[in-house]
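Visitor: Quick paste of what TrEMBL says about this protein:
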DOMAIN    24-101  domain 'G-protein coupled receptors family 2 profile 1'
DOMAIN    112-363  domain 'G-protein coupled receptors family 2 profile 2'
TRANSMEM  114-137  transmembrane segment
TRANSMEM  146-164  transmembrane segment
TRANSMEM  200-218  transmembrane segment
TRANSMEM  225-244  transmembrane segment
TRANSMEM  264-291  transmembrane segment
TRANSMEM  312-331  transmembrane segment
TRANSMEM  337-362  transmembrane segment
Amino acid sequence: IIPALSSLHPECEIVFQLEKEERSCLRHITEQSNSSTEGCRPFWDAVACWPQAAVGETVQRSCPDFFSFFRNNTGSVSRNCTREGWSGPFPPYHIACSVDDDIPERSYFATVKLIYTVGYSISLVVLAVAVMILLLFRRLRCARNFIHIQLFVTFILKAAAVFIKDATLFSSDDTNHCTLSTFACKASVVFCHYCVMSNFFWLLVEALYLNSLLLSSFYHSPRCLWGFCLLGWGVPVFFTILWIGSRMYFEDTECWDINEDSPYWWIIKGPIVVSIAVNFILFMNIIRILIQKLNPRLIHFNNSSQYRRLTKSTLLLVPLFGTHYMVFNFLPDHFNVNLRLCVELCVGSFQGLLVAILYCFLNQEVQKEVHKQWLRWQERSYAVVSPAAKCSQMDTPF
């Protein structure tokens with residue numbers, strides 16, 4: 001999500017290209033200010049720069065370069081210099097330069113925004129319910145669920161950060177989000193980067209914890225949990241503060257949301273790339289361990305079903321470990337932007353929903369506790385004596 005959220009938006013590329021051409025045109029007009037006043041004066045029409053021309057002259061201009069972001073720039077537009085001044089452009093820009101009124105790129109980005117807004121909204125609600133369940137039931141309080149709660153919180157924060165950033169940058173059609181530079185805008189971008197980075201690092205913590213469980217050679221003391229907290233929350237704080245200082249002193253431009261060709265962007269992107277790579281290695285190690293343990297010659301018959309259940313659960317960890325991010329992990333940010341947006345924003349927005357379902361709602365231990373609480377509530381409310389629900393040893397695929 002980080003590269004997708006921080007690469008130069010095509011709409012901003014158009015704006016910056018227009019501003020560049022406008023500055024060039026205004027310099028040309030200033031240089032021509034002392035020339036003859038007869039005919040039509042040079043001017044900038046917000047799209048192209050028109051030079052000085054004599055009355056009766058027809059001036060032809062090629063489609064500006066920024067039209068190449070839509071279709072092509074092989075056409076041309078003309079204007080006549082009359083005694084009353086410049087005529088209107090003919091043919092109109094959108095016809096001459098093959099740009100439809102309904103720009104495909106704009107509708108595509110609007111669709112992507114709609115999908116990830118729905119995804120994050122559903123995920124946020126479901127994750128909040130999952131956190132409440134794990135916190136309310138005392139028997140569910142353990143090291144494993146403590147780590148799950150931290151992961152759930154990072155998904156909630158990431159969803160909230162995306163909504164805050166969108167509200168700050170795109171709250172009004174009149175807001176030029178490409179050149180916006182306010183404290184609120186920069187704060188929303190910083191918060192978004194921190195939440196995304198902490199989410200990746202807690203995914204890494206989950207991978208480390210699951211590997212340690214499978215190896216059965218790691219004692220999870222309170223000090224160990226503090227170490228996990230330091231990795232999941234503290235390391236992102238360090239890199240975020242370092243990035244803030246770099247932007248403030250060396251690259252304090254726009255809203256800090258555009259990082260194309262910025263060397264300081266690697267302060268944020270670098271740790272995330274490393275965490276994704278390590279997560280992938282840990283995922284492959286889990287598969288290796290399970291394959292070894294599923295070898296009938298190495299295990300007892302009564303354990304085979306347990307390991308097969310664990311194998312099935314591990315395969316479901318592909319999206320949860322961020323394995324799908326490996327597709328673009330080592331590619332340039334500008335590589336296939338449309339596909340990257342679809343994978344990292346649309347698919348990523350539903351990642352929290354999958355986490356909540358797999359780590360909480362499908363967890364047998366959670367289901368038994370909720371069911372027992374439901375029976376107790378029925379007893380208190382309707383004075384119904386429920387069957388004894390003595391719980392056997394609670395197993396969970398995680």
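Positions of Cβ are set from backbone N, Cα and C atoms, glycine also.
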Visitor: Thinking of Cβ pairs under 8 Å, which stretch from 146-164, 225-244, 337-362 has the most of them with the transmembrane segment (114-137)?
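Guide: Answer is 337-362, with the largest number of Cβ pairs below 8 Å.
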Visitor: Does the transmembrane segment (200-218) come close to the transmembrane segment (264-291), meaning at least 3 CB pairs under 8 Å for residues 6 or more apart?
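Guide: Answer yes: the transmembrane segment (264-291) meets the transmembrane segment (200-218) with 3 or more Cβ pairs below 8 Å.
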Visitor: Report yes or no: does the transmembrane segment (337-362) come within contact of the transmembrane segment (146-164), defined as 3 or more CB pairs under 8 Å with a sequence separation of 6 or more?
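Guide: Yes, the stretches contact each other.
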Visitor: Under 8 Å between C-beta atoms and at least six residues away from its ends: which parts of the chain pack against the transmembrane segment (146-164)?
Guide: 1, 5, 116-117, 120-121, 123-124, 127-128, 130-131, 134-135, 188, 191-192, 194-196, 198-199, 202-203, 205-206, 209, 225, 228-229, 232-233, 349, 351-352, 355-356, 359-360, 398
Visitor: What is the average pLDDT across the domain 'G-protein coupled receptors family 2 profile 1' (24-101)?
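Guide: Here the mean pLDDT over the domain 'G-protein coupled receptors family 2 profile 1' (24-101) amounts to 80.
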